[in-house]
Amino acid sequence: MDIILLIQAVIMGIVEGITEFLPISSTGYLILSADLMGFWTKEKVDLFVVVVQFGAILAVIYDYWGRLWQALMGLLTGKAEGMSNPRQLGLSLIVATIPVMIVGFTFADEIKAYLFNPIVVAIMLIIGGLLIFYVENRPKAIIAEEAEDVSLKTALMIGLLQCLALIPGTSRSGATIIGALWLGVSRKASAEFSFFLGIPVIIGAALLDFIKHRDVLTSSEDWLVLGIGTVVSFIIALLCIRLLVAWVSRRDFKIFAWLRIITGVLVLIAAWGFGYQMAG
């Protein structure tokens with residue numbers, strides 16, 4: 001049993017749990033962390049990075065179970081306690097999910113082959129940071145105070161913006177939260193709609209990648225490493241979800257814009273100056 005490998009799995013789970021719902025690209029930080037620690041082989045890191053997100057999204061399901069159940073019942077029966085428009089949230093999430101499912105399933109291999117390099121990641125980190133500054137500094141007219149108020153048109157726009165997250169370094173949370181803010185959704189509703197939208201997307205991607213590449217797990221230790229990372233990401237994400245919701249009700253996202261830009265510049269320096277190539 002490699003204790004160092006298990007410790008690295010814990011660290012990777014912590015990184016995932018912290019970064020998954022922040023607008024900073026959790027995948028980018030996971031791969032950078034794996035490279036810095038010399039964590040696992042390339043094939044196993046590729047699988048780990050996708051599957052460990054399952055733990056983080058389980059935290060959303062756990063924390064919002066009552067609300068998600070009401071949304072599901074509203075969608076199926078047209079009745080949900082405390083919802084004036086019971087079907088709205090469920091329909092909006094379906095509409096917002098369709099674009100990324102189509103684009104993701106169609107171009108996933110091409111994106112991984114041609115866009116998964118440090119230059120693309122760095123550029124998208126920097127562009128994303130600049131866009132956060134732009135959205136945060138423009139006047140906002142709120143059209144949706146709660147996630148249940150997001151219209152189908154707005155949901156479709158958020159779903160189209162989520163497709164940008166297929167480009168490495170963009171951040172699914174960044175594209176959806178900042179995109180929702182730009183479209184006039186309140187801060188709290190933007191964060192929560194992004195949380196909910198991640199459920200079908202992340203679960204679908206994790207299951208698909210696991211089914212396709214589970215043969216890279218060749219020992220019980222491999223399964224243990226993946227399991228530890230997933231459990232740790234669940235625990236840390238559960239804490240971070242609550243902190244983020246509290247944060248967005250009082251502050252903006254500019255600190256994350258700076259973090260994206262600084263990280264992007266450092267990755268560019270590493271790539272151009274030292275020939276750095278991402279393991280993923």
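Just so you know, glycine gets a Cβ as well, placed from its N, Cα and C.
According to Swiss-Prot, the protein carries these features:
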TRANSMEM  3-23  transmembrane segment
TRANSMEM  45-65  transmembrane segment
TRANSMEM  88-108  transmembrane segment
TRANSMEM  115-135  transmembrane segment
TRANSMEM  150-170  transmembrane segment
TRANSMEM  191-211  transmembrane segment
TRANSMEM  225-245  transmembrane segment
TRANSMEM  255-275  transmembrane segment
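Proximity of the transmembrane segment (191-211) to the transmembrane segment (115-135) is not established, fewer than 3 Cβ-Cβ distances being under 8 Å for residue pairs spaced 6 or more apart. Three or more CB pairs closer than 8 A are found between the transmembrane segment (45-65) and the transmembrane segment (3-23), so contact between the two stretches is assigned (pairs 6 or more residues apart).
Between the transmembrane segment (255-275) and the transmembrane segment (115-135) there are at least 3 Cβ pairs closer than 8 Å, counting only pairs 6 or more residues apart in sequence, which means the two stretches are in contact.
Below 8 angstroms of C-beta separation, residues 5-6, 9-10, 12-14, 16-18, 20-22, 40, 47-48, 51-60, 62-63, 188, 191-192, 195, 217 of the same chain, each at least six residues beyond the ends of the transmembrane segment (225-245), sit close to that stretch. Away from its own ends, the transmembrane segment (115-135) comes close to residues 23-25, 28, 167-171, 174-175, 178, 181-182, 253-254, 256-261, 263-265, 267-268, 270-271, 276-278, 280 of its chain (Cβ-Cβ under 8 Å, at least six residues beyond either end).
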